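Asker: A single structure is presented below for examination.
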């Protein structure tokens, strides 16, 4: 009947303890509730027939009065989940500039003009350039040519131009090409991430946001989320009663079709639904009230110590990490596990190393230009006097 993180854990425990167990889903689908008259149910499964319960059941003081728990095997919490809503009116006119901060845009275009000026000067001063010392040719490499090349490389656009002949320019233009590739890739990645945030309408910012009371907020009955609201926010607890859902699957369905604006539940379960959501439209708004899961057992169950010891050894050996990776890491939307993160526009400080690289490129061009003049003045006359049959 069942699969998941807890079932994999219990199957491994049963194998190591050499015991057999039969899994069934409790009739009411809840994690247990207090019986009338002050007595507690025999276990979180809500039935005396169950010896243990392996589910997303948080350890609470009320439950500990009725049942025993193993040591925690999963550290959890509560989250608020919402479905992203597209609102095209929120997109500003200059949204295409948002991937970079103004200081970075200014830095890029200052660098472009400085590099173009350096390229034009190198070509003019080089003894091997297209226009050395004012010599007229049919095609010269001017400042306009240098700007044309720089703009074309920055936007990955193919342009026709007379290629420079000097070695400083061959070197510096390739450095600028690498500079351009880095910024184009950064722009493309950041604009996709930022637009995802621009198109998403955030309903609330945290669990204590007063706007919660004006939203259709649901949770499951007898859940840790409902218990937490009763302890910390009575107004919200009463509001939740109006939108209580029988289970989280029904809550997710209502969230998608608009019958709910927000759904409060256990973080790992909501993360699993979010990570499997078609189109990745579900978002985690906030994480609240950290707690943990443990295996619930009837009072005095003789396997309690053995189960706790095994869970402890699984944590030490890395088996629990393997289970988490199995059930969460490879899911379609798992890369956006925490939607509280919002990508920020890049500034100069984030890519300062690229500007330093470009500065070294300009300095390297100067060094190569000096070497060109040394070759032209001293080496070239010697080479020209060589016999025509030599390798030179």
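Glycine is treated like the rest: Cβ placed from N, Cα and C.
No curator has checked TrEMBL annotations; they are predicted automatically.
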Asker: According to TrEMBL, which stretch among 104-122, 123-141, 218-236, 237-255 corresponds to the feature transmembrane segment?
Answerer: 104-122
Asker: Which range, 323-349, 350-376, does TrEMBL list as transmembrane segment?
Answerer: 350-376
Asker: Should anything in the same chain at least six residues away from the transmembrane segment (142-161) have a Cβ under 8 Å from its Cβ atoms, list it; otherwise answer none.
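Answerer: The answer is 108, 112-113, 115-117, 119-120, 123, 131, 173, 176-177, 180-181, 183-184.
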Asker: Averaged over the whole of the domain 'Ionotropic glutamate receptor C-terminal' (1-330), what is the pLDDT?
Answerer: 79
Asker: Given a Cβ distance threshold of under 8 angstroms, which distant residues of the chain, six or more beyond its ends, lie next to the transmembrane segment (104-122)?
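Answerer: For the transmembrane segment (104-122), the far contacts come to 97, 129, 141-143, 145-147, 149-151, 154, 164, 166, 168-169, 172-173, 176, 179, 183, 345-348, 350-351, 355, 358, 361-362, 365, 369.
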Asker: For L-glutamate, with binders 58, 63, 266, what's the maximum Cα separation in whole Å?
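Answerer: It comes out at 17 Å between the most distant Cα atoms.
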